[in-house]
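Below is one structure, written out as structure tokens; comments come after it.
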Amino acid sequence: VIGHPKYQESKRIAIFLSMPDEIQTEEIIKDIFKQGKECFIPRYKPDSNHMDMLKLASVEDISSLPLTSWNIHQPSDDDSVREEALSGGGLDLIFMPGLGFDKKGNRLGRGKGYYDTYLERCVKHPSGKPYTIALAFREQICESVPVAENDVPIDEILYEDC
């Protein structure tokens, strides 16, 4: 990931905070700050498909964030201090989680449509749709995954031995 050309050229990067069954992103987040890039993480609105990407101040900032029902850190609902990526300069790159992927760029998420809805909003931003990279285990690559008409294909899937 760190050597990927899209990562190298990106200045504003959104990345998920890993759940135990996902590719661990902590080292990537550390590198984002080491390289002087801007780091944004998801804030999901419960009982909806709305998600924002809010700016992190530092790696240490993560541990100060409250835990969600999924036991992952995210900025609180009343956190109005952090920049939301689309209210500023947009995003260059989004690293995406998922449960399954196929080689056509289709992604099976957790069923709420957070990322698909967010990418639709990105398309309307002056900076346009960011490049999307899914981080996966080889076992998550399938022949095909179910697709709905509002699913947005991802640009690239990185997995072991790819």
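Each residue, glycine too, has its Cβ placed from N, Cα and C.
The substrate binding site annotation in TrEMBL covers L17, E22. For R107, L108, G109, R110, G111, K112, G113, Y114, Y115, the entry in TrEMBL reads ATP binding site.
Around the Cβ of R107 (ATP binding site), the number of neighbouring Cβ atoms within 10 Å comes to 24. Summary: among the binding-site residues (G109, G111, G113), the fewest other C-beta atoms within 10 A of the C-beta are counted at G111. Under a cutoff of 8 A between CB atoms, and with a sequence separation of 6+ in the same chain, the neighbours of E22 (substrate binding site) are F16, P97, L135. Burial estimate for the binding-site residues (L17, Y115): highest at Y115, by number of other CB atoms within 10 Å. Annotated ATP site R107, L108, G109, R110, G111, K112, G113, Y114, Y115; additional same-chain residues within 8 Å of its Cβ mean position, judged by their own Cβ, are G98, D116.
Looking at Y115 (ATP binding site) and L17 (substrate binding site), their Cα atoms lie 14 Å from each other.
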